[in-house]
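*Asks:* One structure, pasted below without further comment.
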Ligand SMILES: *[C@@H]1O[C@H](CO)[C@@H](O)[C@H](O)[C@H]1NC(C)=O
Ligand SMILES: *[C@@H]1O[C@H](CO)[C@@H](O)[C@H](O)[C@H]1NC(C)=O
């Protein structure tokens, strides 16, 4: 839920997800998820060049001419065992090319038995080729066996490692698959799309599985007070986010004086609201439950408030029935129902169900036509969905309804910037940048304005200006850890200053030890520095703080990528280049 309800903070100016943001450290960006991609350097392809011999050996393509001289029987007698093995292999390659895999396998088997044991390179090729034929027959166990033989003879044999990785994946052995494909990626210096895509796929699957298991059993976790306040401040047109009205407070006082609260059972919601003002957030869910169970007059409000806190502690399963109930209460205030729809819509977005999400937002706009929150949040959803034009339309609508909404104005600038940037339109980019200047002039107290402007400036490589904007943010909101992380990342990108970057991110953790973004970023940097154990430690901290199953899955992917690299380092002595 949060990602969509929160402003676009997790993304960089160019709309990159956070993990890519972390990769910007002087390295070109490739694709996919996971720390294995961190080292894509254009470090030349000498490594691949060296392996040329192997890389040309057939996968499907026979190399028919080589060794042809030995194909006739009379000469066979005079040939060395190796030549005879080569000749059998070449025959196998021809069968392979013709799609006759049984015969090809027989030839490769001959080649293997003919080949002198000390000819390790050749022998490994024969095994690899036989594995390729087994692969065609979908005999995964045999593929793995032969590739293992090949790898044992030639530990850095990319083709054999990759073929084994694919077979392991087919058999559902993701962990070993990941290790093989990681080795392949490192050997290929992260230049080959195919292996990178397999790594990406396996990392995502592993992450998803682990997160599903872990998320079920985790302890509910209340976010920091700063986070909660910032979350509620993104709603202005609802009831539960606002402080209690005077009348309501009096009501409560009366109850207290008459000590009737327990008896009437109507104090649950009002008490919860009071706890909210005191930032005593842990007690809110139970107070709301009292209100709901006693069927008090604030039942709808209590359901919505309880659902909101279920969402905040990351329990969408518990939130959903409450939201459903509010949405279906025809006699409840339209403001409450619209707010519940916004929250359910954001929740769906987090669960990667954009259609359901859009449906809820549209319904909210239908039932409460003049609710600025609806447009504001729908605008954010549209940005996540990359529907920038519609996002701008929604922010405009929000601004029309609430001209003093600095946040909506800043986000509109950001959307316009994104549109201009992706559309490669320099004059529109400049216009968007001017728009930001205008916003921070008119709303000098809106931290988000500076933060979004800083992201655009970073994107435009105006690092010095971006840094100034982050400083303004920090001045306005010294408790906001996220800003320090962004500023830290900026130092890396701008000056390649690791020390200063890490210092700022440490500062973020000092301010808010629940800042998962800080742990994640630090982990990514440690991976790049080659401190894999430290990186894994950081990723695990972030995993325990993840605010949704999806976020947790992403973090597991990063962690598994780092872990696979430590295994590869142990097994093959392979290490990617580090900073
Ligand atoms: C912290 O600042 C970021 C911008 O850098 C903003 O998106 C976020 O809402 C703020 N968070 C809190 C908890 O105030
Ligand atoms: C979410 O809440 C439900 C019902 O209140 C509970 O059974 C479940 O254990 C909670 N799940 C998590 C992940 O906290």
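Note that Cβ sites are derived from N, Cα and C of the backbone, with glycine treated the same way.
Heads up, TrEMBL stuff is auto-annotated, nobody curated it.
Marked as transmembrane segment by TrEMBL: 20-40. The compositional bias 'Basic and acidic residues' annotation in TrEMBL covers 43-58, 246-259. TrEMBL lists 43-82, 243-264 with the feature region 'Disordered'. Under the heading repeat 'TPR', TrEMBL lists 85-118, 372-405, 447-480, 516-549.
Looking at the shown structure, what environment does each listed feature sit in?
*Replies:* Across the repeat 'TPR' (372-405), DSSP helix (H, G, I), strand (E, B) and coil residues number 27 helix, 0 strand, 7 coil.
The helix, strand and coil residue counts that DSSP assigns across the repeat 'TPR' (447-480) are 27 helix, 0 strand, 7 coil.
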*Asks:* Roughly where does the repeat 'TPR' (85-118) sit in mean pLDDT, to the nearest integer?
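*Replies:* A mean pLDDT of 96 is what the predicted model shows over the repeat 'TPR' (85-118).
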